[in-house]
Amino acid sequence: MTAILERRESESLWGRFCNWITSTENRLYIGWFGVLMIPTLLTATSVFIIAFIAAPPVDIDGIREPVSGSLLYGNNIISGAIIPTSAAIGLHFYPIWEAASVDEWLYNGGPYELIVLHFLLGVACYMGREWELSFRLGMRPWIAVAYSAPVAAATAVFLIYPIGQGSFSDGMPLGISGTFNFMIVFQAEHNILMHPFHMLGVAGVFGGSLFSAMHGSLVTSSLIRETTENESANEGYRFGQEEETYNIVAAHGYFGRLIFQYASFNNSRSLHFFLAAWPVVGIWFTALGISTMAFNLNGFNFNQSVVDSQGRVINTWADIINRANLGMEVMHERNAHNFPLDLAAVEVPSTNG
């Protein structure tokens, strides 16, 4: 009898836990995805802060030339970064217990792999948590779909690209100048500026900014007046009010006359879907582009594509970009190899004798 009561009590305790986890009455929704999200993101954040402040230099290229990234080793907020895991480790799973000592783990850049893998798992769970909360509230799932764009972008630069290149040392450093270095080297090795998927991403980001500014300014300019001249226009809105707070007909008429009639949305729902879809699709394409360039399917190459009747090259902007790419390539990892891959790939002329 006692055993039965104890089992029922433990079941009710588990039931209470399940109800608490999935309750939409909590100030912050946890959810089953949150059970995994919270520890992974806390781990990634904690290790990032500690490593950014105090991690020793890391042998990123695997040639016994460690690179400093932390504040206590001479960096500032701009130059500091979590240095990627050493090329000597490659794509191996490198937890602390795989190293002979903590010093060796730090020297080989173990914190980078720990942070990145926990972070990617955490943001994926955050996306799942968005879907889970939407489901509990009877909402449509598009919030999680929109968040999939930055999740895809982060996965591309932190996981897919290192897999394609064969080493976590090729992943994006976790810092400001490290991000810029990653971008410059990526351009040098993959000509990303000439990749159509990157172009779509640029159109998505800049276009999304433009459309957001246009929408916000149109709405703000066509508010229905509810206040006097001496009050803020924002005081004319009450949270949860049923009536429209701005005149969509006026906004539609203004923009239709500014550009042309069919450039202006007359349906608020389709307008807001467009505002969400444009940048999301653009960033999806950029993430896909990074993932293809990870396996060296690079941007377009129009170098020396224009010649005169004598066969002499007439330089175009593509050739100027190529010259810049070569310059960037010979300067990065300058002690790791004698020649950049593009220059070393030329066949040696055969000799007679």
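Easy rule for this one: first residue shown is 1, then count along the chain.
Quick reminder: no glycine exception, Cβ is built from N, Cα and C everywhere.
Among the ranges 29-46, 173-190, 245-262, the one that Swiss-Prot lists as transmembrane segment is 29-46.
For the quinone site, the Cβ centre of His215, Ser264, Phe265 serves as reference, and the other residues of the chain with Cβ at most 8 Å from it are Met214, Leu218, Ala251, His252, Phe255, Leu271.
Counting in whole angstrom, His215 (Fe cation binding site) lies 11 from Ser264 (quinone binding site) by their C-alpha atoms.
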